[in-house]
Amino acid sequence: MMMLPAHRKTVTLPDRAPTIMWFRDDLRLMDNPALCDAAARGPVICLYIHDPAFPLGGAEKWWLHGALTALDHDLGACGGRLWIMAGDSRENLSWLVGQTGAEGVVWNRRYGPHARQVDADIKAALKARGIDACSHPGNMLHEPWQVRTKQGTPFRVFTPWWRAVQAMGAPLPPLPAPVRTTFAPVPSAVADRLVAVPDLALLPVRPDWAGGLRGQWQPGEAAAHARLDSFVAEQVHGYATRRELPAQPATSGLSPYLRFGHVSARQIWHAVDATGQGDQDTACFLSEVGWRDFAQSTLFDFPDLGTTNLRSEFNGMPWRHDPAALRAWQAGKTGYPIIDAGMRELWHTGWMHNRVRMIVASFLTKHLLTDWRAGAAWFADTLVDADAASNPFNWQWVAGCGLDAAPYFRIFNPVSQGEKFDPAGEYVRKWVPEIARLPDKYIHAPWKAGSVAPAGYPPPIVDLAGGRARALAAWKSL
DNA sequence: AGTATCTTTGG
DNA sequence: CAAAGATAC
């Protein structure tokens, strides 16, 4: 018998069982703790499940289409792909584990009550089958339970909470994307169940209302970092004052990227920290990131945030039911330019400047005495950054029923707010072109222009003094 | 992260 | 009497 050559053949280990990386609100490759864990274990299956139990607004669906496309592309660049399934999360995961022989499932945490329930159910079901299920720090600076009062209770007020967060020092340093990841092949029985991004039918068809969104946004991790880098390099300077002016491009525009986890709060924190300038502008910007974390924490500790007044005395609030007024607010036809500009910016771009969000929310809940949940529902359907925590948190803040809320009597006057924060009327003229030719002195109160008042712009749908008095009377009745 | 109204101040 | 300050909602 002929002898084989003396060199040893490279030993091929039997294929290791794959680990499923379940992507949810963390659609990125960098600073992704669960993905790093999966890659370190062996072959990875990158999975996204489009689950109808987690309904999305129209603008979020539009974003998700781009986000999944970008993630699949980014995975393709490292030799992988995104496996997409549609339907119930528990059933799909359970089936996929059986088909692939996966030895583990990993994910980054989410903090909403339904999401936590689903994740806990899945973890229990997998463990019962002897399959490892491991959750990782999600998209916050710190996990909610890491920030507690001396008594061990949740903070209810932002400022002491934020002080405690700052005393904790730096959040976890961002992880790089895993290198030399191996990806598990798709078994043929699984291939039949996987769907492509277009199959999810996330984009609007007739009418196609997404033109303004396409013009404004590029979903995905690469675009998130381009925006973060340019913001930190060029725009943080002057942020504290310019951020209040909606006509200025002074805000970071990172909110939808955070919503979908194209960038993590930890990455933002460290990018700002790396500039070494601990000035008022960076402190102001980081505290805005802090408000996002505080909203997530509030949802974790008060799971009813999205549906129930955190101050229960508001349960007796005599909200008005006025569908015509709600429609006028939604359509940007209230007769108050700063309100209408904001609502049209929202409809057109899927986003609204923060200052204007507060003004339109105050107007709906106070002057129109409309339940904040109606406003939150509209925002959830139209914002690309709609978030299960931030959206209701901020509505409860404005309406006065949140824990650390604006006092109910803080009622924004849309005319004086417009004059203060859009003094030259630039923002209003951009979004409400039918009044663009009004002189500055009438730009926030067109009805005072008399004969110069343009036709085709509605008169105010509610009297400011009357609406304010009615809101204060309703509040006093509680 | 406010507004309206009243009081005081300073020219 | 306009502007700044104080106070209640």
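In case you wondered, yes, glycine gets a Cβ from its N, Cα and C as well.
Residues or ranges marked as FAD binding site by TrEMBL: A:Y239, A:T251, A:S252, A:G253, A:L254, A:S255, A:F285, A:D385, A:A386, A:D387. With a cut-off of 8 Å between CB atoms and residues at least 6 apart in sequence, the same chain places A:A250, A:T251, A:D281, A:T282, A:C284, A:F285 near A:Y239 (FAD binding site), listed in sequence order.
Break the domain 'Photolyase/cryptochrome alpha/beta' (A:17-141) down by DSSP state and the numbers are 57 helix, 27 strand, 41 coil. Residues annotated as domain 'Photolyase/cryptochrome alpha/beta' in TrEMBL: A:17-141.
For A:W319 (among others), the entry in TrEMBL reads site 'Electron transfer via tryptophanyl radical'. Cβ environment of A:W319 (site 'Electron transfer via tryptophanyl radical'): A:L369, A:T370, A:D371 lie under 8 Å away, each six or more residues apart in the same chain.
Around A:W372 (site 'Electron transfer via tryptophanyl radical'), a 10 Å sphere centred on its CB holds 24 further CB atoms from the protein chains shown. What TrEMBL lists as site 'Electron transfer via tryptophanyl radical' is A:W372 (among others).
Sequence-distant neighbours of A:W395 (site 'Electron transfer via tryptophanyl radical'): residues of the same chain at least 6 apart with a C-beta under 8 Å from its C-beta are A:A361, A:T365, A:W372, A:R373, A:G375, A:A376, A:F379. Annotation source TrEMBL lists site 'Electron transfer via tryptophanyl radical' at A:W395 (among others).
Residues belonging to the domain 'Photolyase/cryptochrome alpha/beta' (A:17-141) score a mean pLDDT of 98 in the model. Taking Cβ-Cβ distances under 8 Å and a sequence gap of 6 or more within the same chain, the neighbours of A:S252 (FAD binding site) are A:R227, A:L228, A:F231, A:Q235, A:F285. DSSP assigns A:L254 (FAD binding site) to coil in the three-state reduction, outside any helix or strand. Within its own chain, A:L254 (FAD binding site) has A:A224, A:R227, A:L228, A:F231, A:V263, A:I268 as residues 6 or more apart in sequence whose C-beta sits under 8 angstroms from its own.
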